[in-house]
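Enquirer: Input: one structure, supplied below.
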């Protein structure tokens, strides 16, 4: 083919030894299997994994914690449930728009911090202002929903191709742990009414700050290998 294209020098360089060497390297790369330890073995990957563990855990815990604590708003549980479900629709639209035009990191961090502030501020709203309390909680849940939408894409873009699925799976496990802890945090309200919202709000803000340590991936090429990410 090289000769037909007038590239005789390239054709001369393509010897059997070169082809065999290339095939051996390809076979070796296929046989090399990655493990979950690769998520912590190198500095850059380790930082990404630790930050994403905090983000996924906190987002899931606060999201499901708010959804399970509907009775405290004093309104119809069914009405609040509908409101909390409907708020996810505009949250998806806003999250998609900001991811495209603003960036992944700023979007996730902003929504998490805003959600945490909404949950904490809600503690200081008088009990008789149930409509305002419900609206603030719904807005906080909407911000968490937006963060959930963004972090799925953000996580996939942060990890290199060879461990991307493993990283996504590990992050999802962190989210499941957050969902398991959420009802336990809610039960702390039996001891003090401020403990659940303080826990959900503080972890959301902490997760938002953790996102600031991650790289922006908007319009950036996806990395293929761990070595490329460590450069």
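FYI, residue positions are counted from 1 along the chain as it appears here.
Positions of Cβ are set from backbone N, Cα and C atoms, glycine also.
So TrEMBL says this about it:
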TRANSMEM  48-66  transmembrane segment
TRANSMEM  78-101  transmembrane segment
TRANSMEM  108-125  transmembrane segment
TRANSMEM  137-155  transmembrane segment
TRANSMEM  167-188  transmembrane segment
TRANSMEM  194-215  transmembrane segment
Enquirer: Taking residues 6+ outside the transmembrane segment (48-66), which of them lie with a CB under 8 Å of any CB in it?
Expert: 39-40, 84, 108, 112, 115-116, 119, 137, 140-141, 144-145, 147-148, 151, 155, 158-159, 167, 170-172, 174-179, 181-183, 185-186, 196, 199-201, 203-204, 206-207, 210-211, 213-214
Enquirer: Do any residues of this chain, six or more beyond the ends of the transmembrane segment (78-101), have a C-beta under 8 angstroms from a C-beta of it, and if so which?
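Expert: Sequence-remote neighbours of the transmembrane segment (78-101) are 66-67, 70, 107, 110-111, 134, 137-139, 141-143, 145-147, 149-150, 153, 218.
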